[in-house]
Amino acid sequence: MELLFDQQHTVKVQLPAKEGNFSIRELLPWIRDKLLRERPELFMQGDTVRPGVLVLINDVDWELEGELEYQIAEGDRITFISTLHGG
Amino acid sequence: MPPTPCSICQRERAMLRRPKTLQRLCRSCFYAVFETEVHQTIQRHGLFKRGDRVAIGASGGKDSTVLAYVLKLLNERYDYGLELFLLSVDEGITGYRDDSLETVKRNRDQYALPLKIISYEELYGWTMDRIVEAVGRKNNCTFCGVFRRQALDRGALLLGVDHIVTGHNADDVAETVLMNILRGDIARLQRCTEIMTAGDAEGAVRRSKPFKYAYEKEIVMYAYFKKLDYFSTECIYSPNAYRGYARAFLKDLEASRPSAILDIIHAGEALLIRADVKMPTQGQCERCGYVASNRLCKACVLLEGLNRGLPKLGISGRASVPDGPAVSAKQP
Ligand SMILES: [Zn+2]
Ligand SMILES: [Zn+2]
């Protein structure tokens, strides 16, 4: 699975083994704790992404894919685009 | 979850939910609605006339990159008969503007549009790097905002254009409405929702915002799907914190009700200023001739402070600059 941050970094990650699939709800805090080095508050707010961060699952708007409940499959590409800065 | 079909063509897979209408759209239907709406905005408000020379205020960021792409496309598709230019301001910020200007130069080649870059250094004798050295990081955005506005106008005069378009989107306009309400800045509150400002003889060129009704999400998704080449780093001189709060608040509102952004713009447009409220009158700067509501324009006041080693001059508050620091809009 690949993660994109600001279209600049692509990270392939191996999620820890567990029974059943990971949902986006479980993925977000995992990313925050394992991958983000600074200012995690710019990424998450409560149990979801901070408003203004767009999430795409295999290039599809996550609003069409069940948002937090989406079950991640092997090879999925999850993209995060922050809109909170820079015109 | 099975793929959702597009709500317009019913055939292709929907790729995004439009925040404005909550429609689920495939890529090509999304491009079509987005471009058509911008075209309708341009037509309905009579933004251009045939033969206009139009400068696109280009920062290399997503909004102005999408604007350049879409305007060029619409100009050809609907035969507006416009002559388009890219106009960029080089504030002199190492590690930020020099990189984003590289993006603008690639856009110049990708879209085959002539590019003019105008720098703070040539206009004012100061780069933002040096200004920050002199004033610190607290008020530097005030300098930058005031200087940028004039720089765009001066660049436009050099290019001989009739009109500057900027990439301000609906989110930007709503955010500016909120900020002007919070500051009680009645004059700007009235001006900031206007889609087009009139030019004047004193050197301010007509400006408009063709994306006034386009949501930021649509612009980002358009740039992403079309793989447009844009620059997405934050200014290194940490931006206006107050604007950051207004933005975060707006995004929270939007998350609970997507129409909030357009609602705020409509609220701003609908506000009527009582006739007996005293508004600042606009005159001309004694030193440089630019529009000014005092004897000197804001850029000249700030510049005088810098050059006399009194950088606080002009930013200390309303006593010296009656209509306060520039909050007209964030940079395009
Ligand atoms: Zn479609
Ligand atoms: Zn002046």
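Note: Cβ is positioned from N, Cα and C throughout, glycine not excepted.
Record check: TrEMBL places B:GLY57, B:ALA58, B:SER59, B:ASP63, B:GLY167, B:ASP172 at the ATP site, and the matching candidate among B:VAL33, B:VAL38, B:VAL89, B:VAL146 is B:VAL89.
For the domain 'tRNA(Ile)-lysidine/2-thiocytidine synthase N-terminal' (B:54-249), the model's pLDDT averages out at 90. B:GLY57 (ATP binding site) has a Cβ environment of 26 other Cβ atoms inside 10 Å. Just so you know, of the binding-site residues B:ASP63, B:ASP172, the Cβ with the fewest other Cβ atoms around it within 10 Å is the one at B:ASP172. When secondary structure is read from DSSP and collapsed to three states, B:VAL89 (ATP binding site) falls in the strand class.
Pairwise Cα distances among B:GLY57, B:ALA58, B:SER59, B:ASP63, B:VAL89, B:GLY167, B:ASP172, which the record gives as the binders of ATP, peak at 19 Å.
Ranking the binding-site residues B:ALA58, B:VAL89 by C-beta neighbours within 10 Å puts B:ALA58 at the top.
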